[in-house]
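Novice: Take a look at the following structure, please.
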Amino acid sequence: TAVSSQTAIPLSFIENILMALTNPVVVSILMAIGVQAIIIEISNPGGWFAGFLGVLFLGIGLFGLGQLPVNWLGMGLILVAFVLLGLEVTTPTYGALAVTGIITMIAGLLVLFNSPGTPDFVRISIPSAITVAIVTAAFFVFILTFAVRAQTAQPLTGSQGMVGQLGTARSLFAADGELYRGSVMFKGEIWQAEASQPIEFGDSVTVNQVRGMTLLVDSVSTAVSEQTQS
């Protein structure tokens, strides 16, 4: 009887890459990075690098996801986890929603590749799920918090950024009808200004409104007095 022999044929470079891209942990990390890179691009429009990386990583992650037996309940739990983490940023609950989101994400990762009949080597282990969930949640909350603060921050340029800032009267404000008109020095520039009360040369003023090329101002002492009375 002839004896047959088996020879192991090593995988090629491309086959090794494809093998790595179908690793469930790698797929989860790629998709998490992709989603968060896209969020960075949306919160800071005008660039392209973060958006490009986000689309690239998300596309590769979806490719790997398509090669694996996905349990869509797990995918749904992961989406719910991201929603909970987003709500934690916009409506702070002192970490309650964040913790719930992390637990939900861990459950989603454990279920994601855990369909009946799925071999054990495809499933995500508990330590891997915990690590991926905590790192992803922390980075996601950080990025989303930065984006929300950037959207709600007072503009530092343009007319709206001038409101509430201080300047100095460069002339005596003279009566002109019901208003007093003069000029102020604001950030190294001379502006025409109007006020509801007389302002002396050299007085500190605060900008209340910008109307075209004219500033509506009050003396600092008047503004402080009004705040005290209120």
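Backbone N, Cα and C atoms are what each Cβ position is placed from, and that goes for glycine too.
Annotations for this protein, taken from TrEMBL, read as follows:
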- 17-39: transmembrane segment (TRANSMEM)
- 26-144: domain 'NfeD integral membrane' (DOMAIN)
- 46-64: transmembrane segment (TRANSMEM)
- 70-87: transmembrane segment (TRANSMEM)
- 94-113: transmembrane segment (TRANSMEM)
- 125-148: transmembrane segment (TRANSMEM)
- 160-217: domain 'NfeD-like C-terminal' (DOMAIN)
Novice: Using a cut-off of under 8 Å between C-beta atoms, tell me which stretch among 46-64, 94-113, 125-148 contacts the transmembrane segment (70-87) the most.
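Specialist: Ranking 46-64, 94-113, 125-148 by Cβ pairs under 8 Å to the transmembrane segment (70-87) puts 94-113 first.
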Novice: Could you pull out which residues elsewhere in the chain have a CB under 8 Å from any CB of the transmembrane segment (46-64), counting only those six or more residues past its ends?
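Specialist: Long-range Cβ neighbours of the transmembrane segment (46-64): 21-23, 26-28, 30-31, 33-40.
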Novice: List the helix, strand and coil residue totals of the domain 'NfeD-like C-terminal' (160-217) as derived from DSSP.
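Specialist: Summed by class, the stretch gives 3 helix, 34 strand, 21 coil.
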